[in-house]
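A.B. asks: Once you've had a glance at the structure underneath, I'll fire off some questions.
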Amino acid sequence: QYNPNTQPGRTSIVHLFEWRWADIALECERYLAPYGFGGVQVSPPNENVIITNPYRPWWERYQPVSYKLCTRSGNENEFRDMVTRCNNVGVRIYVDAVKNHMCGSGAGSGTHSTCGAYFNAGNRDSPAVPYSGWDFNDGKCRTGSGEIENYGDASQVRDCRLVGLLDLALEKDYVRSTVAGYMNHLIDIGVAGFRLDAAKHMWPGDIKAFLDKLHNLNTNWFSSGSRPFIYQEVIDLGGEPITSSQYFGNHRVTEFKYGAKLGTVIRKWNGEKMAYLKNWGEGWGFVPSDRALVFVDNHDNQRGHGAGGASILTFWDARLYKMAVGFMLAHPYGFTRVMSSFRWPRHFENGKDVNDWYGPPSNSDGSTKEVTINADSTCGNDWVCEHRWRQIRNMVIFRNVVDGEPFSNWWDNNSNQVAFGRGSKGFIVFNNDDWHMNVDLYTGLPAGTYCDVISGQKEGSRCTGIQVYVSGNGKANFQISNNAEDPFIAIHVGAKL
């Protein structure tokens, strides 16, 4: 369950946030497979509440009504088609699984759900599952409001309502079996694993109990006895009784300190500088590398939700963001996830984005817009498609090329110019200082001419970007202007001319 089940030589996944299943299937075939992406995290595929105030926010998908595969992203047939087509080209599907709760306590009653299932939040009735009042934690929560009031009390974080969301009684075998039944339906279709949403709000023992009920993966695409890859959303920035390590027995965890700290360093806040990244990873107090799912930003914290605060870098900060993602994909720590977002009309009032609720690009009837592809391979319809940015795509390939090679040949200038290699396979150099960089560095690479995969790439026998000459002694000269479009250079043995 720590093994991501990606095909050999594929080392990253991408979160295609709020994409339709039909568009993901196409993207697997036309882009993700040819460029070496290992898999896709998809938005919750099960039926959710339709929220109209505000109008169709992204977070309505984190308010389940049933476990029918029926959302704005598509129906069960479209989901099955996506899983089959992506698996057939070697790209895995990881499902965002919402297990801690159902819809909000104030969601009302009726059939305002993505498949028309009736529910009554007031009396805890979800007949389409079915769940009833006995299946929720109302009687177990010990706060006056029924909500989480104090994160210093681990019991209420697990047993009370997270922002009003009806908390499932996961100590009940019926609830565990129901949750596992939904996940097994997805496993049998062919998914490779799950992100466990709000894992911090579930007891580790309850998670283990439903994970133990899961099937092995579908042998049409996975070797016999393969187990689903599990990564648990545990926001642990320190200072609370609930820690990531309490969840290691259930497989990997999301390391939220990673993006929060990397953002602070690349922004040069609080006296931080890139030279301090020499012992990046466990040396910064992160979870062990083989337990970590890492990312620069995610769908929550790119809009100020969740964890990390203002230091988080996103596509809105494109120049610094590309450097951060480049650093992540070059560094051996953790299993890497790339973000792929949609644009929304950000509007800050008193430091808060009042439009942080905006859902995906949609048509007048509320249906999600298709992902169109422009002639230059960027995306239209307000889909950002960071995973298609040349610098990010080429670093996904870099990580595949250097897989298994050690972190090596670190260099820094005691400030914000740093470099490191991955054994004899790759080397990357950053200039995040406010002055020109001109330095000769030992790369560890075989002699020859290499094509920088940030400013361009190798196309046939020519290079569309900067060329780097590695001499017989393994050294190369690197010149990076602080005004460069992208002030970093990356070379690897797959881009040798």
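Placed from the backbone N, Cα and C atoms, the Cβ positions cover glycine too.
Pasting the feature list from Swiss-Prot:
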MOD_RES   GLN1  pyrrolidone carboxylic acid
DISULFID  CYS28-CYS86  disulfide bond
DISULFID  CYS70-CYS115  disulfide bond
BINDING   ASN100, ARG158, ASP167, HIS201  Ca(2+) binding site
DISULFID  CYS141-CYS160  disulfide bond
BINDING   ARG195, ASN298, ARG337  chloride binding site
ACT_SITE  GLU233  active site, proton donor
DISULFID  CYS379-CYS385  disulfide bond
DISULFID  CYS451-CYS463  disulfide bond
A.B. asks: Restricting to the recorded positions CYS28, CYS70, CYS141, GLU233, ASN298, ARG337, which ones have a CA within 10 Å of the CA of ARG158 (Ca(2+) binding site)?
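C.D. replies: Candidates kept after distance check: CYS141.
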A.B. asks: Would you mind ranking the disulfide-bonded residues CYS70, CYS86, CYS115, CYS141, CYS463 by how many other Cβ atoms sit within 10 Å of each Cβ and giving me the lowest?
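C.D. replies: It is CYS115 that, of the disulfide-bonded residues CYS70, CYS86, CYS115, CYS141, CYS463, has the fewest other Cβ atoms within 10 Å.
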A.B. asks: Out of CYS141, GLU233, CYS385, which of these recorded positions is nearest ASP167 (Ca(2+) binding site) by C-alpha distance?
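C.D. replies: Comparing Cα positions, the closest of these recorded positions turns out to be CYS141.
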A.B. asks: Measuring Cα to Cα, how far is ASN100 (Ca(2+) binding site) from CYS115 (disulfide bond) in Å?
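C.D. replies: Per the Cα atoms, ASN100 (Ca(2+) binding site) and CYS115 (disulfide bond) stand 21 Å apart.
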A.B. asks: What same-chain residues, at least 6 away in sequence, bring their CB to under 8 Å of the CB of CYS451 (disulfide bond)?
C.D. replies: GLN457, LYS458, CYS463, THR464, GLY465, ILE466, GLN467, VAL468, ILE491, ALA495, LYS496, LEU497
A.B. asks: List, in sequence order, the residues of the same chain other than ARG195, ASN298, ARG337 whose Cβ lies within 8 Å of the centroid of the Cβ atoms of the recorded chloride site.
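C.D. replies: Going along the sequence, the neighbours appear as ILE13, HIS15, GLN41, ASP96, TYR231, GLU233, THR254, LEU293, PHE295, HIS299, MET339.
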A.B. asks: If you take the centroid of the Cβ atoms of ASN100, ARG158, ASP167, HIS201, the listed Ca(2+) site, which other residues of that chain have their Cβ within 8 Å of it?
C.D. replies: HIS101, ASN137, VAL157, ASP159, CYS160, LEU162, LEU168, LEU170, ALA198, MET202
A.B. asks: Do you know offhand how many angstrom separate CYS115 (disulfide bond) and ARG195 (chloride binding site) by C-alpha?
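C.D. replies: That separation, Cα to Cα, works out to 23 Å.
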A.B. asks: Work through the recorded positions one by one (CYS28, ARG195, GLU233, ARG337, CYS379) and name whichever has its CA nearest to the CA of CYS141 (disulfide bond).
C.D. replies: GLU233
A.B. asks: Of the disulfide-bonded residues CYS28, CYS86, CYS160, CYS385, which one has its Cα closest to the Cα of HIS201 (Ca(2+) binding site)?
C.D. replies: CYS160
A.B. asks: Most Cβ neighbours within 10 Å: which of the recorded positions ASP167, GLU233 is it?
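C.D. replies: Ranked by Cβ atoms within 10 Å, first place goes to ASP167.
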A.B. asks: Report, in whole Å, the straight Cα-to-Cα distance of ASN298 (chloride binding site) from CYS86 (disulfide bond).
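C.D. replies: Roughly 22 Å, rounded to the nearest whole number.
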A.B. asks: When you measure from the Cβ of CYS385 (disulfide bond), which residues in the chain that are at least 6 apart have a Cβ under 8 Å away?
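C.D. replies: Sequence-distant Cβ neighbours: SER340, VAL371, THR378, CYS379.
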